[in-house]
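A short write-up of the structure that comes next.
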């Protein structure tokens, strides 16, 4: 069975790709460039992950319209990337409005064309930044949209195997699957060394710290988040 895996280049999508591969799916990898600050680093990570897992069918999509729409510190240089606050429940400035719906729509289109029956995405609800499009209820609803908006014989279904996990559990899962964490990139701000201070860096560093492992990528600073 064929599956499309959305691979941003980050830790979560890396682990999801490894999970889908371990389940025996023939993988087709999709990466979306949407004008994010670290697009070059993320694209490099995507290509390295695909090479590591010998994924031959790849699609790199240009979604520059999300940059033109703006409204996020990831796509608008006039909005600063906030320093992490792991205690807040507020949606941070890094939220890209309705981004995952755009990504999933493209993944569904491609799945129909290539005959994929599953779409894997590394969404995390339990230990995420509070993004509304990372909730299980959102993906349940989107599966209904797929059912209503595709050909009658289509059997495409979104899978979110990390949705209920903590970030530290995702690290453990990655260790079990022997994933190349050193190929992944999570920083929202920097394309050199990871900043260590943005929300994504903080959650990643905390996860590794909770597991008692060193994150193999380079950081400008490595605060203690536990």
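Positions of Cβ are set from backbone N, Cα and C atoms, glycine also.
What Swiss-Prot records for this protein:
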- 7, 8, 9, 10, 11, 12, 13, 14, 15, 16, 17: ATP binding site (BINDING)
- 187, 195, 198, 201: Zn(2+) binding site (BINDING)
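Cβ neighbour count within 10 Å across all protein chains ranks 15 highest among the binding-site residues 15, 195. Within 8 Å of the centroid defined by the CB atoms of 187, 195, 198, 201, the record's Zn(2+) site, lie the Cβ atoms of 81, 186, 188, 189, 190, 194, 196, 197, 199, 200, 202, 219, excluding the listed residues themselves.
Taking all protein chains in view, 22 other C-beta atoms sit within 10 angstroms of the C-beta of residue 9 (ATP binding site). When the Cα atoms are compared, residue 13 (ATP binding site) and residue 201 (Zn(2+) binding site) turn out to be 15 Å apart. Note: residue 11 (ATP binding site) has non-local neighbours 170, 171, 174, 181, 184, 186, 204, 207, i.e. same-chain residues 6+ apart with C-beta under 8 A of its own C-beta. Checked against residue 187 (Zn(2+) binding site) by C-alpha proximity, the binding-site residues 7, 9, 17 yield 9 as the nearest.
Counting every protein chain shown, 29 other Cβ atoms lie within 10 Å of the Cβ of residue 7 (ATP binding site). For residue 198 (Zn(2+) binding site), the nearest neighbour among the binding-site residues 7, 9, 15, 17, judged by Cα separation, is 9.
Distance noted between the C-alpha atoms of residue 17 (ATP binding site) and residue 195 (Zn(2+) binding site) is 25 Å. Among the binding-site residues listed (7, 9, 15), 9 has its Cα nearest to the Cα of residue 195 (Zn(2+) binding site). Excluding 7, 8, 9, 10, 11, 12, 13, 14, 15, 16, 17, which define the ATP site, the same chain contributes 49, 122, 184 within 8 Å (Cβ to the Cβ centroid), listed in sequence order. Within 10 Å of the Cβ of residue 198 (Zn(2+) binding site) there are 24 other Cβ atoms, across all protein chains. The Cβ of residue 201 (Zn(2+) binding site) lies under 8 Å from the Cβ of 84, 186, 187, 188, 189, 194, 195, 219, each of these being in the same chain and 6 or more residues away along the sequence.
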